[in-house]
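**Q** Sharing the features that Swiss-Prot gives for it:
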type	residues	note
ACT_SITE	346	active site, S-methylcysteine intermediate
BINDING	120, 124, 127	[4Fe-4S] cluster binding site
BINDING	171, 172, 204, 227, 228, 229, 303	S-adenosyl-L-methionine binding site
DISULFID	113-346	disulfide bond
DOMAIN	106-341	domain 'Radical SAM core'
């Protein structure tokens, strides 16, 4: 029986150094391997010219350099009119994840939205991924491979490379903290080809308090986005079940500490859902919650998901909500929904490609406007 090969990028530098020592090689070989992968983008041990042929062979017998591949049985990237691109990747265990490339209309900024888990344990009611349940965490290598693969594609197809990374794909990144942190450290390492500053990395969380505290403790000054979606406790509990464990008051307290540690605004993501969270009273509650927090509001046009009984807010409701927020001193941006037509926008990561799971129509409550 052939030995199952593992992705060498799943190892931290320290773990790889220990492994290299166990092979009777000097520990600095680990740094050479990392340099080949992350500075030069090689995908084969045979390309690592300063390693002996025998050592290259030994590594190739036990490890691979790349752990993801685009799906062969589906369109791995589909071009929309705005040139948003969805990538569907197959992992070594036949699970699937998605990444979304979002170019800027007016600048050279190239943003990649990446996944951190297969599925998600937090079961947000408006999100297709939440109905998958949690399958597993992504490894360090699987997280980084999304950036490596799209960088190669981008260089071949359009020129340039990824400049911004947002952990807003499948999964809760702060529930896969160690692997996401290790990936961020590599993405921001000036010795490697990514050369992405921490200010251009955004970690989005549903409000997982232990993870936010760990993020504060690390000193990693990346941007923080909170999937808030309501400042009404009962409504937020309906939308985001973890809110039953971590209340809005608890969330506000930890975000105040985050503001004290990092002098940059927190982004509150707010999907406007008709008759759920889009009334003027909802806007007033949002402004009260935000008082005392250095923050901005990113309003999102809700993208309808098959079999989930939520609807996007009508334009009139949206504009009234925005006006009320501005009246109360909030900084508001509206995220252009780019990629909904290819099931790539928030909440649209294609559940059917992950493990063929279907879910029945979800009934949701309605709140008066």
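Glycine is treated like the rest: Cβ placed from N, Cα and C.
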**Q** At the level of the C-alpha atoms, what whole-angstrom distance separates residue 113 (disulfide bond) and residue 204 (S-adenosyl-L-methionine binding site)?
**A** 10
**Q** Report the nearest neighbour of residue 171 (S-adenosyl-L-methionine binding site) in space among the binding-site residues 120, 124, 127, comparing Cα positions.
**A** 120
**Q** Between residue 227 (S-adenosyl-L-methionine binding site) and residue 124 ([4Fe-4S] cluster binding site), what C-alpha distance do you get in Å?
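**A** So the Cα of residue 124 ([4Fe-4S] cluster binding site) lies 10 Å away from that of residue 227 (S-adenosyl-L-methionine binding site).
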**Q** Can you tell which of the binding-site residues 120, 124, 127 lies nearest to residue 172 (S-adenosyl-L-methionine binding site) in space, using Cα positions?
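**A** Of the binding-site residues 120, 124, 127, 120 has its Cα closest to that of residue 172 (S-adenosyl-L-methionine binding site).
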**Q** Between residue 120 ([4Fe-4S] cluster binding site) and residue 228 (S-adenosyl-L-methionine binding site), what is the CA-CA distance rounded to a whole number of Å?
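**A** Roughly 17 Å, rounded to the nearest whole number.
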**Q** Roughly how many angstrom lie between the C-alpha atoms of residue 124 ([4Fe-4S] cluster binding site) and residue 204 (S-adenosyl-L-methionine binding site)?
**A** 14
**Q** Using C-alpha atoms only, work out the spacing between residue 127 ([4Fe-4S] cluster binding site) and residue 303 (S-adenosyl-L-methionine binding site) and round it to an integer in Å.
**A** 9
**Q** Determine the mean pLDDT over the domain 'Radical SAM core' (106-341), rounding to the nearest whole number.
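**A** So the average pLDDT across the domain 'Radical SAM core' (106-341) works out to 93.
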**Q** With every protein chain in view, what's the tally of Cβ atoms within 10 Å of the Cβ of residue 303 (S-adenosyl-L-methionine binding site), excluding that atom itself?
**A** 21
**Q** Considering the recorded positions 113, 124, which residue's Cβ sits among the greatest number of other Cβ atoms within 10 Å?
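**A** The residue with the densest Cβ neighbourhood is 113.
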**Q** Near residue 127 ([4Fe-4S] cluster binding site), how many other Cβ atoms are within 10 Å of its Cβ?
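**A** By my count, 25.
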**Q** Taking the Cβ of residue 228 (S-adenosyl-L-methionine binding site) as reference, which residues of that chain separated by at least 6 in sequence fall under 8 Å from it?
**A** 207, 236, 268, 269, 270, 286, 289
**Q** Just to confirm: which same-chain residues, 6+ apart in sequence, have a Cβ under 8 Å from the Cβ of residue 204 (S-adenosyl-L-methionine binding site)?
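**A** Within the chain, residue 204 (S-adenosyl-L-methionine binding site) has Cβ neighbours under 8 Å at 166, 167, 168, 173, 225, 226, 227, 269.
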